[in-house]
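K.L.:
After the C-alpha cells below, expect a handful of questions from me.
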Amino acid sequence: MTPLLFVAVAAAGGVGAALRFVVDGVVRARIRSSYPVGVTIINVTGSFLLGLLTGLALAQLVSEQWLLVLGTGLLGGYTTFSTASFETVRLLQLRRPGAALANGLGMLAASVAVATLGLWLGTLAG
Amino acid sequence: MTRAQRADHLRAGPVALVAAGGAAGTALRAAIGLVVHPVGGFPLAIFGINLVGAFVLGLLLQALTARGPDTGRRRTLRLLVGTGVLGGFTTYSALSSDSAVLLTSGGVALALAYGLATVLLGAVASWGGIALGAAVGSPEGRDRMPVDSDSSGDPQ
C-alpha cells in the first residue's frame, strides 16, 4: 500500500465514522427504543455494500485500490463491532435475553446473509 | 448552554471529533491488516481487532459513566475515542463480508466458527471491559473531580 493510498483509506474511514454518527443520531431521534436500531441498520446496510463491492472486485469491475478506500476505509469506518457488542451486554444487563440474542446472533445472521447476497450480485455483474 | 439545544450529530464540532477518531482507528486497523495475515483462511487481524476494540469500549464507557454525567470532557472523550477511534478500529462489514466469501468458497465450518466466535467472545470481551471499568471507576471521590465549564450546570 502506498502512503497516499493509506492516507486515503484512513480519511475514508473518518468519513464513514462521521456518517455512522449522523445516521445513528437521526434514527435515535425518530425511533425511541432501548434496542440499538441505528447500529443494526448501519451494520446490515454496510455489510450488504461491502459484499457487493467485494463481488464487483472479484469480477474485476472495481480495482483493488477502490476496494481498499471504499471497503476497508469508508464501510469499515461506517460499520462497527465494538458498539454492537457493548449493546448486546447492555441488553443482557437489562434482562432482555431475547433482544440480546437478536442483537448478537440475529445481527450476525442478517449481515452475513445480505453480504452473501451482495457478493453474489456483484460477481453476477462481471 | 444554548448550543446544547441541537443534537450532537447535527453539530460540526462533535461530527469532526468522531471523524478524526474514526480516521485514526481505521488507520490502525489498516496497518494491523498489513502485518497480520489470515491463517488458513481465518481472518485473524479483524478477529483480534474486534475483540480488543469490544473490550476497550466496554472499559471506556463504564469508566466514563462511573466518573460522572456525559458532559464536557467526558463527552468529548466518548465521541473521540469511543464512537470515533474504537468505532472506526472495529468493523462489522469485514466480518460479514469475509464470512460470506468463506461460505461461498466452501469454508462453511470456518465461516460459522469465525462469526460465532467473534460474537460470543466479543460479548465476553465487552463484559470484561465493563467489569474492569466499574472496578477502576468507583463513584466515591470521582464526583469531586474538577468540573469543566461545559458541565457547570450539572448537580455534582
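Glycine is treated like the rest: Cβ placed from N, Cα and C.
Residues or ranges marked as transmembrane segment in TrEMBL: B:12-36, B:42-64, B:76-95, B:107-136. The feature Na(+) binding site is assigned by TrEMBL to B:GLY87, B:THR90.
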K.L.:
Below 8 Å between Cβ atoms, which of the listed ranges B:42-64, B:76-95, B:107-136 makes the most pairs with the transmembrane segment (B:12-36)?
P.N.:
B:76-95
K.L.:
Taking a Cβ cut-off under 8 Å, which residues six or more beyond the ends of the transmembrane segment (B:107-136) line up next to it in the same chain?
P.N.:
40-43, 47, 50-52, 54-63, 65-66, 95-96, 98-100
K.L.:
Under 8 Å between C-beta atoms and at least six residues away from its ends: which parts of the chain pack against the transmembrane segment (B:42-64)?
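P.N.:
The answer is 29, 32-33, 36, 70, 74, 77-78, 81-82, 86, 89-91, 94-95, 98, 110, 113-114, 117-118, 121-123, 125-134, 136-137.
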K.L.:
My understanding is the cutoff is Cβ-Cβ under 8 Å with a sequence separation of 6 or more in the same chain; which residues meet that for B:THR90 (Na(+) binding site)?
P.N.:
B:GLY25, B:ARG29, B:ILE49, B:ASN50, B:GLY53, B:ALA54, B:LEU57
K.L.:
Can you work out which residues elsewhere in the same chain, 6+ from the ends of the transmembrane segment (B:76-95), have a Cβ less than 8 Å from its Cβ atoms?
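P.N.:
Sequence-remote neighbours of the transmembrane segment (B:76-95) are 8, 14, 17-26, 28-29, 43, 46, 49-50, 53-54, 56-57, 60-61, 64, 70, 114-115, 118.
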K.L.:
Within 10 Å of the Cβ of B:GLY87 (Na(+) binding site), how many other Cβ atoms can you find? Include all protein chains, please.
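P.N.:
The answer is 33 other Cβ atoms.
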